Every structure is written in structure tokens, then in C-alpha cells.
Amino acid sequence: MKNLSFLINRRKENTSDSNVYPGKAKSHEPSWIEMDDQTKKDGLDIVHVEFSPDTRAPSDSNKVITEIFDATEDAKEADESERGMPLATALNTYPKAAAWSLLVSTTLIMEGYDTAILGAFYALPIFQRKFGSQNDKTGEWEISASWQIGLTLCYMAGEIVGLQLTGPSVDLVGNRYTLIIALFFLAAFTFILYFCNSLGMIAVGQALCGMPWGCFQCLTVSYASEICPLALRYYLTTYSNLCWLFGQLFAAGIMKNSQKKYADSELGYKLPFALQWILPVPLALGIFFAPESPWWLVKKGRFDEARRSLRRTLSGKGPEKEILVTLEVDKIKVTIDKEKRLTSKEGSYSDCFEDKINRRRTRITCLCWAGQATCGSILIGYSTYFYEKAGVSTEMSFTFSIIQYCLGICATFLSWWASKYFGRYDLYAFGLAFQTIVFFIIGGLGCSSTHGSKMGSGSLLMAVAFFYNLGIAPVVFCLVSEMPSSRLRTKTIILARNTYNVVSIICSVLILYQLNSKKWNWGAKSGFFWGVLCFCTLIWAVVDLPETAGKTFVEINELFKLGVSARKFKSTKVDPFVVKNTPKYVSHNDPKGDIEASIAEE
């Protein structure tokens, strides 16, 4: 990492240079917007400036060029500093950024919790008798496959709507207020679930609650990636997966308690719904005091607020902190400016498919997240129901679910350690490979009806959960934040998550048909199907998923711009701040050529 004292000294030298001509009135210092207008008017991208030994005092126009040069140099220094920053230094420098990111991501606990209890309700006796029907052949009570599919479709449809509403809401009021509004609506919609007396009311409640969940899915990832440096990006984006698991673990514990103590009481399903009121208010208060994303503020031209936001994420004080703030703001400006020059329009959903570069980035982001569904993870969400249909007792099914989520949490922590030695693609691909093997073994055990094979298939589903949370589950949250451009990040993540939701709907329907005794009744033999689909996802990853570990946002932008193939991303080195073979330009305000600038035509 560049020595910070070097950056401070260079800044001090620049400050002293501004006082060389004490008799001259202080000239107007151009803002970034003015500098950007100047370069656009000339159709130039200033890269390098040279002053001859006998140069006169710079004019205002030439100071514009000098300021642009300094901003680009600052951006380069900040980018190099971020790329080489050790984890310990990042934690010491950005502890508040990490804390704010953890707070925002905690909203996902509620989604993981509620989606898990919905699947567990299907195995809860009181819920089965209250809302289900009796199987004439087996005499067992269960929720019909059509209603299970309907309830799943409702909350996923709500998430799709919520995600689409998140885009314009963020453009209008920012990340913080969008999250606060979503938390308010979630608390209100939970009343419908608590007072439900029919599956229809549950369907309405799930659909309405799905809208704020969709908001959480998008903004937790984008906020974490924008507020934290590269060294912390993997840990804080993948923390989203931990929040999902914490929510699912809480749900499994609550449902086991309901199955044990309230098996014949309406509290068995009302109490789990009521517990959703615990988090919205404290989270909303915390997020109200959180800093807004500096990337969002810079895109809105609110540079002073972006600096204040960055100051609130950094530790320390004095000149070192101010220089870090200035360098980071300059880097964000340069990155966004380079993206804006590709199009004059404000970022929209259509821009995600506008050209070959953005189409590729959008495709990879969408398929990357869809891989979480096609790898068989939806089966993990219905684990309690799966265990029961595989022949495991109801009480043991809930116990298996708790063990499964604990293994998932351990696996996610292990992925943090593994990320230091393996890349994003490595974890994604290796996780898929292991899951494929285990699914085929589960399918084979499903062909036997012995007690040992039933317990074996249940145990191996826990192995699937472990490898899933070691590989594809956490790394996806990091990858989807790195693939899009900063200008289109929120909208691309929304499209990707909605792709996941649509694919999840299809996978959920298939799983419910595979497990329901009135439909296909495959049981553990469904492992064969998910093994094949998981293998297909692995093939896509090998062909199309690039390695972004150790790459800053501006480097990733350049690699996509150059059309580097997926498997060469890791080995290709780029310098986004250098333009080669540039023609010469002499300023109109300096006809003698005292100031020479190397430029590149747009």
C-alpha cells in the first residue's frame, strides 16, 4: 500500500504551490462539474500535463486542466492504496463503515426468518390440521401442493414488486430512507399474518411482506459494497448470507419450540409471526443515523455531503483523515465520470442491456444469482418438509433443520478464511462440484426404503447445506455487487435478484410436486434431478463467470471494457488511469506552447 505520508506530503506541496504568487488575487477554483464541462466542451480526456521551466502563472483555464490532472492522480493513488490495503489496516481505518454495513445487512434476518417458518409450518401438526386437508390414503394431514405453491408464489411475487419499487425510490430519496420506509411497511403488514384465519389471509400477508423483503435483498448488498474498501468487501457483502442463516436458525429454533409446546395451540403458528415485530423499530432508528452511500451522493452531485459521509466511516482525525476523504471522493468522481462518458443518459433499466459491455455484465450478474436456485438450495429451505417426507420423524426433522443451519453458519465463517486463499470463482465452482456429488448420492439412497437410507439422505442434505454455505451462497452476494458498473449497480442487482426470484418460483413448484405425496412423491430420489441441474450451473460458471478477487471497481470496469474473457480476468493486469498513444494538444489560452497536455479523444 502506498505510504500515507507520501500522499500527505504531495498534498502539502500542492497547497504551498497555490501561494507562489502572493500579490495576485485568489482566482476562482473550479468545481468538478466545471472541470467536467470544460473537458466535454473540448471533447478531451486530460491525462497528463507538463509545464516548461519558464512557464508563466497558470490562467484559470489551465488551472482547470491542472485540477483534472490532480484529481486523476488522486484517484489512482486511492485505487492503488485500496488494492494493497491489508485486512487489519482496513478494519483499523474503516471500523465505523463495517459497523454501519453490519447494521443495514441485519434487515435480512427478517426475510430469512419468515421464509423459513413458512416452509416449517407445512410440517407443524396444528398448522396442518387448521389449514390443511386429510390424505385419504395415508390418513395424514397436510397442506395441499396447490396452496404451498400459491403461498410461495405470493411472497416471491411481492419481492419482485418490491425490488422494482426500490430502484426509483433509491433514485429519489437514497438508500437510508428507502430502507426505513420498507421497515415501517413490514411492521404494518405483519398484523395480517398474526391475525390470519385462512390460507387466503396468509397469502395476502406474504405478498405484502414480500415487498419490503425485496428492498432488503437489493440495498444490503449494494450499500455494503459501496461504503467499505476492497479488503472488507467480501466479508461485509457475504455477511448478508449469515443474516439469512441467522434468520433461518431462529426460525428453526422457534418452530421446534412450537412443535414441542404448542403442537395443539394456535400459538404454534401465531407466536412465530409475532416475533417479526422485534427488529423493525430498532433497525429503523439505527439506519436513520447511518451515513448515506458516498457513491449515491456523488452521483447526485452532493460532494460536500459525500465527504461528510466518508468522514463518518473513517477512524482517526487530522490531515490523514481529510486526505483519505479527498482521495476517495476523487476516485468515486473519476470512476463515475468514466462511466457517464459512455452515455449521456441517466442510468436506467434499459441501459443494463444498451451495449455489449453492459449486456455481458447484466447477464453474468443475473445468472450468478440464479445459480443459487438452480444448485438445489431451494430444497434446503424446505428441509423440514423434506426430512418428514423422507421418513424422518417430525421431532427429528426439526432437530435436523437446526443442525443444518448451524452447519451453514460455520461454513460461511469458514468461507471468510477460504477467501484469503481462493478466489470468488473458485469458491463458487468448488461448492457446486461438491453439491453435485452429494445430490446424486442422496438420490441413490432414495431408491432404498431402509431406516438407514432415510437417515442417510437426511444427513447428506445437511452436507449439501454445508457446501452451499461454504461456496455459492456467500460468494454470490459479493459477486453481484462487483459485476455491475457503479452507475447501474442498484438496477442491475434488482434485475439479478428478480431473475433469482423467477427461477426460485419454478424450482419451488418443482420441489413441492416432487415431495408432496399426492403428486410425484419422489422423496429423496429428487436428489437426482437437483444433481443434474447443479452440474449444468457448474458448466455455466466455468464458461462465463469471471474472477474478481483483488480487483477494484475501476479495474473491473476496465476489464469488461476490454472484453477480457472470464478465465483471463484473474491474470490480466490493467491500469485504468493510463491512455496510450495519445496525440498532443496546445491550449488556446497558451499559444506559445508553455503548457502542453497529452490528451485522448473521446
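Placement of Cβ uses the backbone N, Cα and C atoms for every residue, glycine included.
Taking the topological domains listed in Swiss-Prot, SER101 lies on the same side of the membrane as ARG233. Nonlocal intrachain contacts for the transmembrane segment (235-255), taken as residues 6+ away from its ends with a CB within less than 8 angstroms of a stretch CB, comprise 98, 101-102, 105-117, 120-121, 124, 220-221, 224-225, 228, 271-272, 275, 381, 384, 398, 401-402, 404-406, 408-409, 412-413, 415-416, 419, 469, 473-478, 481. Mean model confidence for the topological domain 'Extracellular' (514-525) is a pLDDT of 82. The stretch in closest packing with the transmembrane segment (493-513), judged by the count of Cβ pairs under 8 Å and taken from 107-127, 143-163, 179-199, 427-447, is 143-163. Long-range contacts of the topological domain 'Extracellular' (256-270) within the same chain: residues 121, 123-127, 130, 194, 394-395, 398-399, 401-402, each at least 6 residues beyond the stretch ends and with a Cβ under 8 Å from a Cβ of the stretch. Taking pairs at least six residues apart, the transmembrane segment (364-384) and the transmembrane segment (143-163) share fewer than three Cβ pairs below 8 Å and do not count as touching. Across 107-127, 143-163, 398-418, 427-447, 460-480, the stretch most heavily in contact with the transmembrane segment (201-221), judged by Cβ pairs under 8 Å, is 143-163. Packing against the transmembrane segment (143-163) from elsewhere in the chain are residues 114-115, 118, 121-122, 127-128, 131-133, 182, 199, 202-204, 206-215, 217-218, 494, 497-498, 501-502, 504-505, 508-509, 512-513, 516, 518-519: each is 6 or more residues past its ends and has a CB under 8 Å from a CB in it.
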